[in-house]
Amino acid sequence: MELGWWPQLGLAFLQLLLISSLPREYTVINEACPGAEWNIMCRECCEYDQIKCECPGKKEVVGYTIPCCRNEENECDSCLIHPGCTIFENCKTCRNGSWGGTLDDFYVKGIYCAECRAGWYGGDCMRCGQVLRVPKGQILLESYPLNAHCEWTIHAKPGFIIQLRIVMLSLEFDYMCQYDYVEVRDGDSSDSQIIKRFCGNERPAPIRSTGSSLHILFHSDGSKNFDGFHAIFEEITACSSSPCFHDGTCLLDSTGSYKCACLAGYTGKHCENLLEERNCSDPGGPVNGYKKITGGPGLIHGHYAKIGTVLTFFCNSSYVLSGNEMRTCQQNGEWSGKQPICIKACREPKISDLVRRKVLPMQVQSRETPLHQLYSSAFSKQKLQDAPTKKPVLPFGDLPPGYQHLHTQLQYECISPFYRRLGSSRRTCLRTGKWSGRAPSCIPICGKTENVSAPKTQGTRWPWQAAIYRRAGGVHGGGLHKDAWFLVCSGALVNERTVVVAAHCVTDLGRVTVIKTADLKVVLGKFYRDDDRDEKSIQSLRISAIILHPNYDPILLDMDIAILKLLDKARMSTRVQPICLAAPRDLSTSFQESRITVAGWNVLADSRSPGYKDDMLRSGVVRVADSLLCEEQHEAQGIPVSVTDSMFCAGRDPTAPSDICTAETGGIAAVSFPGRASPEPRWHLVGLVSWSYDKTCSHSLSTAFTKVLPFKDWIERNMK
């Protein structure tokens, strides 16, 4: 007996030596001891040591805290010397979470996991299971340790059942599911009737309870572990039990009861009865057309169609479908819609926005024609009485938009009096499915103006006169604001998108470099020099392109002509209309004998002068001068020039009043004579002011013009 305590004392002494050899991290003085089990040999205080140790066999370093007590010599005695304490008792790991043991939470309270995997909870992340009373939710068990045991109980509201779907399953497989498994019972306890056990990784079909609760048990043995499982559940109603047969659809009403919507061929409360199968007879294709099966099961023996068959109808060329394009075989054995017919018709021809169309009453051909009467006169009265006299009946029906019946007539006219029509004024739908005549179009009436009394032309508003402006930012000097616009010359509007102008107006001086389109603009409908006077009537248009004549010589100003393409169409009105183009052969008299009217603004006018606001478009009459005399006049002024074949010189007509200084306007020259389209006089463009030397605007000096007549073909090619 006396020797029996020596082994115990020796073991305790060895433990103390072992503890003293371990590194001490820190010591915490706690005024309250953790519990009665630690009060043996404890005095008024209780301290803790944090210990690091290495688990046997795993070489895994873990930590924990142990309490210690002060002895009579004020030394801290580890409580490991007491019975029941072993150094590796708490050498644990967090199998279902992340390590997080701190101070006494690790050893005393057992909380050594900072965060648990989904489905696990507790300080050691080993607790699982729950009682659930929600309409829907999920059960997720992420991974699992050995020898785990978890239970869940799901409760639904009275009158509802529970549907459980296992969407992920990863457990140890066994044919009997006796190692790792999920067990579902129809009730609220482990004694309820078992529905089935599940293991492996094959997801089962949805599970439904017969009552308002389900019990789920998870169990794992001590050999293997996998990823766990994930299930979702929800409360369901009477329809969830699939009371409708043959793929019928269950529909709940407000009272909680249900009705079944049956598929084709079934009837009854639960869609349990089979209807007698019905078919639709083949409707055939329309005359001058055909049909195709475009949906459903199709025809039976080529004569009958099953329920749901869809037919689509088509017409031959020059015929149009009137009626239902598609028909479906219905439950009652009848086709939907009405049988369509194919009608001879014409597609409406496309017209521009400038053309107005009117549909005239159809003129149906009959036997009451002069030819028929002549033919009938050769026969007896008896034979004539036997001949049909009624007008033939045409297959009328509703046509889709954009089509017209046979013999329909369309009448065309221009929407504005400032346009004239080209093409046919009336077209008829022919039996060929085409329209008679030519497609109509409307073009602006050119060269027409009012209130011009020759030879006096002052104060006339020439509607084709175009003012060409240039932005001051592209010109050096002059004292103009950077964004200001100034008038550089005049041009002639020849159609809705084209203006003819002298080439030197839109190029840099002495060069063929074209000014940027953004630095130029065209103003139409202008009369006064001051823009504010014409504010309501003018149209300010942007330029999309500038086309110089390829042979333009900026030094001699030979072929000084260019075309401006407008970005937007000019709107025709009494103030804006184009001028006509003419070839030399169109002139009724010799060009040299023509009285030519020149119009333009004074581009050099000073806006600060008193009469600036009242200054208007000026015009006057000139006559063609001899080219040799023109050259000699300028040579006498010290300016040797050459008048080429693309130019003509002209001076003021002393017999006609004039308020224009031709050299200052950069204007246009026009002649009035009857045109080809109308015997009425029309104004035609014949010239553009090109160059001159005339500081005093005297009658003796001539101005050089670009002759427009030779460039008619080039202009028309670029007008398209």
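The count begins at 1 with the first shown residue.
Cβ coordinates are placed from backbone N, Cα and C, and glycine is handled just like the others.
Feature annotations, courtesy of Swiss-Prot:
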SIGNAL    1-21  signal peptide
DOMAIN    128-236  domain 'CUB'
DISULFID  Cys128-Cys150  disulfide bond
DISULFID  Cys177-Cys199  disulfide bond
DOMAIN    235-272  domain 'EGF-like'
DISULFID  Cys239-Cys250  disulfide bond
DISULFID  Cys244-Cys260  disulfide bond
DISULFID  Cys262-Cys271  disulfide bond
DOMAIN    278-344  domain 'Sushi 1'
DISULFID  Cys280-Cys329  disulfide bond
DISULFID  Cys315-Cys342  disulfide bond
DOMAIN    387-444  domain 'Sushi 2'
DISULFID  Cys414-Cys442  disulfide bond
DOMAIN    445-720  domain 'Peptidase S1'
CARBOHYD  Asn451  N-linked glycosylation site
DISULFID  Cys489-Cys505  disulfide bond
DISULFID  Cys630-Cys649  disulfide bond
DISULFID  Cys661-Cys697  disulfide bond
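A map of Swiss-Prot features onto the structure.
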residue : record         : contacts (Cβ under 8 Å, 6+ apart)
Cys150  : disulfide bond : Gly119, Cys128, Gly129, Leu141, Leu217, Phe218, His219
Cys199  : disulfide bond : Leu169, Leu171, Glu172, Phe173, Asp174, Cys177, Tyr179, Asp180, Tyr181, Val182
Cys239  : disulfide bond : Cys250, Leu251, Leu252, Tyr258
Cys244  : disulfide bond : Cys250, Cys260, Ala261, Cys262, His270, Cys271
Cys630  : disulfide bond : Val641, Val643, Cys649, Ser702, Ala704
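In this structure the C-alpha atoms belonging to Cys661 (disulfide bond) and Cys414 (disulfide bond) are separated by 40 Å. Among residues of the same chain six or more beyond the domain 'EGF-like' (235-272), those with a C-beta under 8 A of the stretch's C-beta atoms are 135-136, 156-157, 159-163, 208, 307-308, 331. In the three-state DSSP scheme, Cys630 (disulfide bond) is classed as helix. The disulfide-bonded residues examined here are Cys250, Cys342; by Cβ neighbour count within 10 Å, the least packed of them is Cys250. Sequence-distant contacts (6 or more apart, same chain, Cβ under 8 Å) of Cys505 (disulfide bond) comprise Ile468, Val488, Cys489, Gly491, Ala562, Gly666. Minimal Cβ crowding within 10 Å, among the disulfide-bonded residues Cys315, Cys329, Cys414, Cys697, is found at Cys697. In terms of Cα distance, none of the disulfide-bonded residues chosen from Cys280, Cys329, Cys414, Cys442, Cys697 sits within 10 Å of Cys342 (disulfide bond). According to DSSP, Cys489 (disulfide bond) is assigned to a strand segment. Straight-line distance linking the Cα atoms of Cys315 (disulfide bond) and Cys329 (disulfide bond), rounded to a whole number, equals 21 Å.
Comparing Cα positions, Cys442 (disulfide bond) lies closest to Cys697 out of the disulfide-bonded residues Cys280, Cys329, Cys697. According to DSSP, the domain 'Sushi 1' (278-344) comprises 0 helix, 34 strand, 33 coil. Counting only same-chain residues at least 6 apart in sequence, those with a Cβ under 8 Å from the Cβ of Cys280 (disulfide bond) are Tyr304, Ala305, Ile307, Thr309, Cys329, Gln330, Gly333, Glu334, Trp335.
Fewest other C-beta atoms within 10 angstroms, among the disulfide-bonded residues Cys177, Cys260, Cys489, are seen around Cys177. Annotation note: Cys239 (disulfide bond) sits in a helical segment as assigned by DSSP.
Taking the Cβ of Cys442 (disulfide bond) as centre and 10 Å as the limit, one finds 23 other Cβ atoms among all the protein chains shown. When secondary structure is read from DSSP and collapsed to three states, Cys260 (disulfide bond) falls in the strand class.
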